[in-house]
Amino acid sequence: MIERKQWTIKQAQELFDKPFFELLFQAQQVHRIYFDPQQVQVSTLLSIKTGACPEDCKYCPQSSRYKTGLEKERLMEVEQVIDSARKAKNAGSTRFCMGAAWKNPHERDMPYLEKMVKEVKALGMETCMTLGMLNGLQAQRLADAGLDYYNHNLDTSPEFYGNIITTRTYQDRLDTLDKVREAGIKVCSGGIVGLGEAIRDRAALLVQLANLPKPPESVPINMLVKVKGTPLAENEDVDPFDFIRTIAVARIMMPSSHVRLSAGREQMNEQTQAMCFMAGANSIFYGCKLLTTPNPAEDKDLQLFRKLGINLQQTQTAFGDNQQQQHLAEAIINADNEQFYNAAL
């Protein structure tokens, strides 16, 4: 294994500056040390509470400050969440992610959230939540319920952050990650490419993530999904090669983390997605709608996986059932195109 190092922004920028194929070659070499290059981890994402968020994240259609046409919805009933999780499992997903458009969860919501975690775990799936900021007690309660992962993105560099969000600080985000880690929950944290940031900001974001006391187990790299009504709706498109470079640098700097090809994948053709996998991406969202735009249809994903010879990573949880694991490949091949939800995080 490669010994972990503390990264500087200069070192990260030097990786971004490498010739494209040299960078991909290095990323693929690192990837093969830590992972099976033919395996991809698959998650399904469900918005359990949509819209009316009080924050001002300029990229997000869920903010109550922007007119995006998104209808707000109350916290879903536990039974609805479990039904969606069951469908996701039958379609081949091994991790179920539940997200709520909150600045932070309220005390009245915690019993429902804990029950959701317990019942999804009982299906034999890994669990993930993204609920905004957490205090230490909330993190511990979710950990005690069995939560495997908590997502809380840093979004961009500390220097550029204030151009995008003013309603919570960068330190607020780092503090939440600390509380999650202290509670024994695995960390999922990444960022967004295409906010108007410079290459240096992308490098600085990855340095922040890689230099955490322990790097995130999962690092989602999002391409900005431009939604009409948000302040970033007219941003320039991200050059696919710049996005692929970001995936590759993330893989090199965080070799043991799952690097997730996340929001924006619906904008990518097969060739770009294939290059992202070559650069070290080994996790995706599947069979769902991500944010307010659909991911590629499941059948298109399966066609691409077959073309590339990609297999789905099987995950055994403490409550996992062997039959589901044994028939995972068959289940996903036979999956239909049902959309699990029409929601945003």
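Cβ coordinates come from backbone N, Cα and C, glycine included.
With CYS97, CYS128, CYS188 listed by Swiss-Prot as binding [2Fe-2S] cluster, the candidate from ARG260, ARG265, ARG306 annotated for that site turns out to be ARG260. Taking the mean position of the Cβ atoms of CYS97, CYS128, CYS188, ARG260 as the [2Fe-2S] cluster site, the remaining residues of that chain whose Cβ falls within 8 Å of it are SER43, LEU45, ARG95, THR130, TYR149, ASN151, SER218, PRO220, SER283. Listed in sequence order, the residues GLU55, ASP56, TYR59, PRO61, GLN62, SER63, ALA101 complete the 8 Å Cβ shell around the [4Fe-4S] cluster site centroid, once CYS53, CYS57, CYS60 themselves are left out. Taking the Cβ of CYS60 ([4Fe-4S] cluster binding site) as centre and 10 Å as the limit, one finds 25 other Cβ atoms among all the protein chains shown. ARG260 ([2Fe-2S] cluster binding site): 25 other CB atoms within 10 A of its CB, across all protein chains. For the binding-site residues CYS53, CYS57, CYS97, CYS128, the greatest number of Cβ atoms within 10 Å around a candidate Cβ is found at CYS97.
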